[in-house]
Amino acid sequence: MKSELIFLPVPAFGHLVGMVEMAKLFISRHENLSVTVLISKFFIDTGIDNYNKSLLAKPTPRLTIINLPEIDPQKYLLKPRCAIFPSLIENQKTHVRDVMSRMTQSESTRVVGLLADILFVDIFDIADEFNVPTYVYSPAGAGFLGLAFHLQTLNDDKKQDVTEFRNSDTELLVPSFANPVPAEFLPSIFLEKDGRHDVLLSLYWRCREAKGIIVNTFEELEPYAINSLRMDSMIPPIYPVGPILNLNGEGQNSDEAAVILGWLDDQPPSSVVFLCFGSFGSFPENQVKEIAMGLERSGHRFLWSLRPCISEGETTLQLKYSNLELPAGFLDRTSCVGKVIGWAPQMAILAHEAVGGFVSHCGWNSVLESVWYGMPVATWPMYGEQQLNAFEMVKELGLAVEIEVDYRNEYNKSDFIVKADEIETKIKKLMMDGKNSKIRKKVKEMKEKSRVAMSENGSSYTSLAKLFEEIM
């Protein structure tokens, strides 16, 4: 009888791609396993449609894609970002139940588990109806996962109001970090006094019901954090199986990518600094101008992915920038050394020999991609857990330099502006430390470790084998 796993990813590009690529990995490693991925359409991230189409255009044997019915976006416009996904899965429960009912009644298939994104763990109620074991996928790193469990314990078991850490100079002793974590690096969502933190912390409480947590990381990158999670008897078994990446670039605009990569082909090796801040990584106009001035003054070649601002309540991400946001004459003055783009094929850019440094928002996927390609990073976090990721990269792991590590720009509401002089200085530091700098050496070493981890008998390879023993 065929064994089947059901995957339920959050419909945000980084979350979805990670789970689909993981499904492909599972299938490639176990010949008796099939995976069905249930995809919800999310009205903001237009990149999901392109990725979804690419999956359907190039089917993978034993991988089934089921698109769940689209839900009216008006239901979500006024919800804070953290509440969108738990609300979304609540509205999809009926459809998920129908799929699970059909699959569990099949005489040719044995459903061996439901693997849900950490933001979708409320779907466990449906899995329980069919006695299907549940597992969690964490698209964030082990360090953040440990912090979330720590805050959930403080909030629920020790009755400590974690929102009091906002604007505090407290340093927290978090089990998943070797260094004390200043409160300024805690994700904003945990600190909101409007009840948002309760929504998120309740998800981590439910995670404890799972039979295992699969994390997109690897032992050599986060040994301290992974060990701390394994030492906690109240946390399910941890399976680090990464780095899981979209190495083939499915869902990318090939025409735009060709133009961008063609420009890079004309640049000298390791000469270009690449700036990219993720799907929601946009800046107010005054900050855009400071970045432009800092780049121009640095004298370095650059490739800058610039996105228009998205406001709370908007329903679509825009992929193109407006020239009006840039200083007068900037594009003309820098035309020989720089290129400003909207959407960026990030993996292909980081893999290109012309790129010598990466200014990043420190989303976890971007962290893993930079490690995979041995690319030194300058941190500029924006939202979510990115401040904590930046802290981990700079302070814990020594794999990055900082432009800012505690910058916050939720829905472009930040009043803080990073000045051109600081941007210029940090870009020069990132690009001019040379091939023998300490950070470059460490990043190159971690690149090799990341590839060994995924190879036969590597740490992630072995961890996945242990997961199969549990599931099958």
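Even glycines carry a Cβ here, placed using N, Cα and C.
These come from Swiss-Prot:
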{"type": "ACT_SITE", "residues": "HIS15", "note": "active site, proton acceptor"}
{"type": "BINDING", "residues": "HIS15, GLY384", "note": "anthocyanidin binding site"}
{"type": "ACT_SITE", "residues": "ASP117", "note": "active site, charge relay"}
{"type": "BINDING", "residues": "ALA344, GLN346, HIS361, TRP364, ASN365, SER366, GLU369, GLU385, GLN386", "note": "UDP-alpha-D-glucose binding site"}
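Cβ neighbour count for GLU369 (UDP-alpha-D-glucose binding site): 23 (other Cβ atoms within 10 Å of its Cβ, all protein chains included).
Spatially, by CA atoms, the recorded positions HIS15, ASP117, HIS361, ASN365 include one closest to GLY384 (anthocyanidin binding site), and that is HIS361. A straight line from the CA of the residue listed as 'active site, proton acceptor' to the CA of GLN386 (UDP-alpha-D-glucose binding site) spans 15 Å. Rounded to the nearest whole angstrom, the C-alpha distance between ALA344 (UDP-alpha-D-glucose binding site) and ASP117 (active site, charge relay) is 25. For the UDP-alpha-D-glucose site, whose annotated binding residues are ALA344, GLN346, HIS361, TRP364, ASN365, SER366, GLU369, GLU385, GLN386, the maximal Cα to Cα separation is 22 Å. Secondary structure from DSSP puts ASN365 (UDP-alpha-D-glucose binding site) in a helix. Separating the Cα atoms of GLU369 (UDP-alpha-D-glucose binding site) and the residue listed as 'active site, charge relay' is a whole-number distance of 20 Å. Taken residue by residue with DSSP, GLN386 (UDP-alpha-D-glucose binding site) is part of a helix. In the shown protein chains, 24 other C-beta atoms lie within 10 A of the C-beta of HIS361 (UDP-alpha-D-glucose binding site).
Rounded to a whole number, the C-alpha distance linking ASN365 (UDP-alpha-D-glucose binding site) with the residue listed as 'active site, charge relay' is 15 angstrom.
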